[in-house]
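Participant: The structure under discussion is supplied below as structure tokens; questions concerning it will follow.
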């Protein structure tokens, strides 16, 4: 039982770490000399533009789409952290034989948020790049970066973690 508990805790921490990395790091769309993410576009290692600071004629078109991705990724990270804290509380407060349903529900909501954020980015990326050609002129010949891939891996991990909490019962 102790080994299973340790595995579940490590699995949850890894899931949360993946969410933090994918949300914070600048590698959702990458190429040889550029990178772009939810927060900024860097055309080289020193020339970065924050997408929320653009105003006037250079304003970021479709910023509401990017804000939706930002919000869902941040929410998924927060929900995963809350779910872990609730799991620790339930570990000491639940009666023997009860399930970790609340932890499972919150973790599955985190999973849903990651899926929504990554899906929106997948669907709207090309439109965002075409609408903001001045900002993304070097970024047309890129590919999805590791942060984007980590977001999808975090989706799978949070889903599996949520299911594990649903099945898990508290034992002695």
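Each residue, glycine too, has its Cβ placed from N, Cα and C.
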Participant: For the record in Swiss-Prot, which of the ranges 37-57, 100-120 is the transmembrane segment one?
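Facilitator: The range carrying the transmembrane segment annotation in Swiss-Prot is 100-120.
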Participant: Applying a 10 Å Cβ distance cut-off over all chains shown, what neighbour count does residue 47 (N-linked glycosylation site) have?
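Facilitator: Around residue 47 (N-linked glycosylation site), other Cβ atoms within 10 Å: 10.
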Participant: Can you check which residues sit near residue 44 (N-linked glycosylation site), meaning Cβ under 8 Å from its Cβ, same chain, 6 or more apart in sequence, and list them in order?
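Facilitator: For residue 44 (N-linked glycosylation site), the qualifying residues are 33, 34.
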